[in-house]
Every structure is written in C-alpha cells, then in structure tokens.
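Take a look at the structure below.
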Amino acid sequence: MSADDQRFGLQRHVILPGPLPLDGGGRLAPVEIAYETYGTLAPDGGNAVLICHALTMDQHVAGANPRTGKPGWWTQMVGPGRPVDTDRFFVVCANVLGSCMGSSGPATVDPATGAPFGMSFPVITIRDMVRGQAMLLDYLGIGRLKAVIGGSMGGMQALSWPATFPDRVEAVVVIASAARHSAQNIAFHEVGRQAVMADPNWRGGEYYGHSTPAAGLAVARMAAHITYLSEAGLTEKFGRKLQAREAKTFGFDADFQVESYLRYQGIAFVDRFDANSYLYITRAMDYFDLAEEHGGLLANAFRQTKARFALISFDTDWLYPTRESRAIVQALNAAGAPVSFVELSSPYGHDAFLLDSPEMNRVVAGFMGTGL
Amino acid sequence: MSLRADLAIIADHVAGGSRVLDVGCGDGALMAALRDSKQADARGLELDPRNVAAAVGRGLSVIQGDADVDLAGYPDASFDYAILSQTLQTCRAPDAVLGQLLRIGRHAFVSFPNFAHWRVRASLLWGGRMPVTRLLPEHWYDTPNIHHLTVDDFRAHLKERGVAVEGAWFLSGDKKTTSAAANFLAEHAIFLLRGTNQG
C-alpha cells in the first residue's frame with residue numbers, strides 16, 4: 001500500500017454507493033462509514049484485523065478522539081507492541097451503522113429529503129453492521145481477515161462475522177458478550193428507550209436543529225451504566241458515602257456519591273451521543289439472536305467456517321454473564337470449531353473488558369501469536 | 001522439554017492425526033507434544049485460568065471448565081481419544097466423569113496415582129498418618145485428591161462397568177513395572193480404555 005493512499009490512516013470517512021440490503025427489508029444507499037486504520041496492510045492483504053466497537057464507542061480504538069482529545073478506548077489492547085500489535089497487523093475500526101460518529105445513522109441527512117433521517121432511518125441489525133463492515137473491507141482491498149475482535153456489542157459483531165462470511169475470517173475473539181440478548185438485557189434497553197421517548201424534546205425523533213432529548217438520554221445512560229458495573233464494585237467505590245456534605249439534606253439533591261457519579265455519567269454522555277442513535281443501536285442488540293438466524297441451533301451458525309475462536313468472560317459481569325459465553329463455546333464444540341475460553345476474575349463487572357487487564361492481554365496476545 | 005513419564009506413554013500410543021481431548025490439560029504440555037509430534041487436533045479442558053492462559057499462549061485451543069460439569073456439552077464419540085491424566089482422583093464424581101470420557105472418546109486414557117503403592121501403605125501402616133509422597137505431595141487438608149483409588153479398585157470398577165481395557169502401563173518412578181504386581185509396586189497407572197461409542 002502506498003503511504004499517501006487516502007483510504008488509510010486516522011479519521012477516514014467514505015461514502016460507498018451501496019446499496020446495502022438490510023435484514024429488516026429495504027436497502028441503504030449510499031452507505032457512509034467513518035473509520036480509522038493503523039499499521040501497514042501487507043502486500044497480499046493478509047494481515048488485516050477488524051476491531052468491532054461497543055454500543056456507545058467509536059472508530060477511535062487506538063487513536064486520539066479528535067473531538068475530546070482523549071486517547072483511543074482500547075489502547076492497552078491495540079497499538080505497537082500490544083496484543084493486537086499494529087507493527088504486525090493492519091488494524092481497521094469502523095463506526096457501526098446507526099451510530100452518530102460519522103457513519104450512516106438517524107442523524108445523517110437523507111439525500112431524498114435533504115433533512116436528517118430521524119426515525120425514518122431503517123432499523124438495522126448486528127448483521128447489517130457486519131455487512132457494512134464487509135463493504136468497507138472491499139473498498140480497502142481486504143479479502144480475508146486475520147482476525148475480528150470485539151467486546152460487548154463488538155463481540156456480537158465478531159460472532160456474526162464467521163456466521164455471515166465464513167470464508168472471510170481466520171480467527172475470532174469475543175470478549176464479555178453473548179450470542180443473543182436475554183429478556184433482562186432487552187428490559188434494561190427498553191427502560192433507556194422509554195426514557196428518551198418520554199422526553200418532550202424527543203418529538204418523535206425530529207429534534208435536529210432544536211433542543212435535544214438530553215434529560216431522557218441522560219437517564220437512559222444512568223440506567224445502562226449501572227449494568228456495566230458490579231454491585232461489589234459500586235459498594236467499594238461509593239458505599240453509602242455522601243457527596244461533599246456532612247449529613248443528609250432530607251431533599252432530592254445528589255446526597256450520595258453514587259447519585260452524583262451517575263448524574264455526571266448521564267450528562268457527559270449526552271454531549272457525545274445522539275439520542276436516536278441510542279434507540280437504533282439498542283434495538284439492533286435486542287434483535288440479535290445468532291441461533292435464530294440459523295434455524296434455532298447456534299452450532300449451525302459456525303458449521304461453514306474454519307475460523308478458530310477465543311472467548312473471554314468476567315466473573316462479575318452480570319450483563320453478559322459467563323454462562324452466555326459457555327453456551328457459545330458449547331455450540332462451537334458441537335460444530336467442531338477450535339475454541340479457547342477463559343473466565344477471568346475482576347471486580348469491575350462488564351466494564352472490565354475496557355480496562356487494563358494483564359490476564360486478558362495475555363490470552364489475546366497468546367491467541368494472536370504475539371505473546372512472549 | 002521432556003514430558004512427564006505418564007504423559008510420554010500416552011503420547012507414544014496416540015495414533016497420528018487423531019482428534020484428542022485432554023481433560024485437565026494443565027498448561028498444555030501433552031497437547032503441544034501431540035500437536036507437534038503426532039499432528040493431532042488437540043483440544044483441552046482446564047480448571048485453572050492461569051493454566052488456560054498459558055496453554056492459549058502456546059497456540060492451543062483450551063476451554064476453562066470443570067470435568068465434573070462441562071463434559072456433558074461434548075457430543076458422543078467426537079474425539080478419537082479422551083485423556084484424563086492425574087485428574088480422576090480430584091473429581092467430585094469420578095465414576096460419572098469416567099462415563100463422560102468413554103462417551104466422548106472412541107478411546108480413553110486414564111492415569112492416576114496408585115494409593116496402594118507400598119510406600120503409601122507403609123506410611124499409613126507405620127506412621128499412622130495420611131501419606132505424603134512424591135506423587136501425593138499435599139497434606140490431608142490441602143490435597144486436591146479427594147477420591148483416592150488403587151490399581152485394583154480401578155480394575156474392579158472397569159470390570160463392574162464392562163469397560164474393555166485396550167492397554168495398561170504401570171510406573172514406579174519413571175520405570176515401567178509389571179502388571180501382576182502393579183497394585184503393590186506401581187506409583188502410577190495408565191489405562192487405555194475402549195469408548196462406549198465407536199461411531
């Protein structure tokens with residue numbers, strides 16, 4: 001690849017003609033994708049690794065976010081000398097369809113009307129996101145992936161990859177994820193969506209250019225944030241400690257530190273995320289059921305692929321608990337796929353996959369052949 | 001790196017190119033040997049996450065899990081060999097684990113320390129204390145070996161279940177010892193059994 005190839009590098013954006021046929025019927029055209037690449041694509045294109053991001057993350061996996069100036073969200077995992085070594089691998093991370101960081105989503109202007117799509121944006125699925133990523137890889141000249149790696153919703157995409165494109169991926173890493181959304185997962189998401197839609201500023205999704213449903217989205221984030229942490233973690237961090245005061249106020253200010261923390265999380269979130277995107281992406285996750293897409297038997301999803309798999313769960317993750325990973329492992333075994341699995345111990349609940357974990361790094365490095 | 005004596009015997013008797021499940025695979029030493037010298041398609045199950053990480057680091061496919069619980073998910077006769085080395089005596093339900101092993105593997109290797117070895121007997125007889133030996137180095141309170149057995153116990157159990165024995169090797173130190181005197185002289189026994197599904 002030539003050094004001045006505009007397809008490669010940080011903060012890339014492409015408008016592909018499409019059309020992208022969608023699981024829900026209909027097609028998306030054109031397809032906008034914001035992405036970043038790291039490292040150098042081998043002449044045979046054989047060293048490409050796709051990183052799939054979680055619900056509210058973005059394409060800035062290892063590069064600084066230009067809007068916030070903050071470092072990438074997974075720099076301990078992806079970078080020079082890291083388990084996903086950008087000195088060896090050509091790493092691609094793209095903003096998922098439906099999101100609001102530059103890829104097609106409800107905030108994108110509909111070329112047919114000249115106004116943002118809003119709720120007329122088609123409902124997309126995890127598999128649609130994956131098909132969109134495949135279109136990007138076609139554009140980048142990447143046929144086959146050395147590996148696809150993701151945590152949480154990124155893990156769902158990673159699982160969907162070998163099921164959708166069995167010959168395009170050699171290895172799959174799925175961290176803190178599941179092959180389907182449980183009733184409890186859907187329930188928490190529905191709380192978040194209802195909070196957004198109950199905000200009078202939501203206006204059926206047509207709030208662009210007006211006040212945004214920030215209060216509703218903040219509540220949605222607060223509820224979701226609780227599911228990312230463990231009870232023990234919350235207790236250790238906050239307990240019943242009061243926020244900058246000596247005694248309870250017998251009112252409804254944020255007396256407790258945990259209240260203040262959650263309010264901050266909610267407010268910080270609305271600055272960086274579009275409420276409609278939150279509706280669309282949580283919907284995509286709720287609709288995800290990889291077994292259902294393959295005749296009700298999860299093993300069938302993996303019968304065509306020759307990929308090898310590594311799964312990691314965390315013992316305090318109650319959002320996507322270990323038993324969800326074990327169900328995937330069992331299906332992979334039944335399909336005869338080479339699979340490794342480990343449950344790691346962490347006090348941090350679901351969020352553990354985003355934190356620096358030497359054990360997680362060791363397993364991924366070992367699996368990627370970058371260990372020792 | 002040289003393999004532990006019982007693992008070397010198992011490695012010698014696995015047919016080339018086989019599908020192998022190593023239950024309680026530790027850091028994957030046997031799996032790596034089978035992969036490298038026998039071109040085996042080796043999979044492992046291991047309880048300790050540090051061992052799993054080490055084995056995955058060797059490029060092996062290992063699942064963290066418990067032999068007592070997690071063998072149920074494997075299909076019948078899905079491996080040519082199912083291997084349980086030095087793990088039977090640590091299981092909560094060794095008879096059930098043996099049943100799973102024979103179901104999953106067309107053949108099964110089972111190795112275990114012999115509790116009737118003369119040194120163990122002497123220790124208990126003359127010392128009146130639970131034996132602490134080379135192969136059984138832990139004390140009564142911290143040993144993972146919760147179901148001790150002898151060579152004769154295992155033979156009787158196999159007979160009761162009608163399991164066919166395809167081979168047996170007995171070790172004293174790293175040397176082989178005879179089958180006839182095994183219950184007294186063997187520190188260590190390795191059995192090759194015929195699985196219940198030949199499919």
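Cβ from N, Cα, C; glycine included.
For A:Ser152, the entry in TrEMBL reads active site, nucleophile. Feature annotation from TrEMBL assigns active site to A:Asp317, A:His350. The feature substrate binding site is assigned by TrEMBL to A:Arg221, A:Asp351. As annotated by TrEMBL, domain 'AB hydrolase-1' applies to A:47-355.
Recorded residues the residue listed as 'active site, nucleophile' and A:Asp351 (substrate binding site) have their alpha carbons 9 Å apart, per Cα-Cα distance.
Here the CA atom of A:Asp317 (active site) lies 8 Å from the CA atom of A:Asp351 (substrate binding site). For A:Arg221 (substrate binding site), other Cβ atoms within 10 Å of its Cβ number 23. Applying an 8 A CB threshold to same-chain residues 6+ apart, the list for A:His350 (active site) reads A:Ser152, A:Ala176, A:Thr227, A:Tyr228, A:Leu229, A:Phe314, A:Asp317, A:Trp318, A:Leu319, A:Tyr320.
Neighbour density around each Cβ, counted as other Cβ atoms within 10 Å, peaks among the recorded positions A:Asp317, A:Asp351 at A:Asp317.
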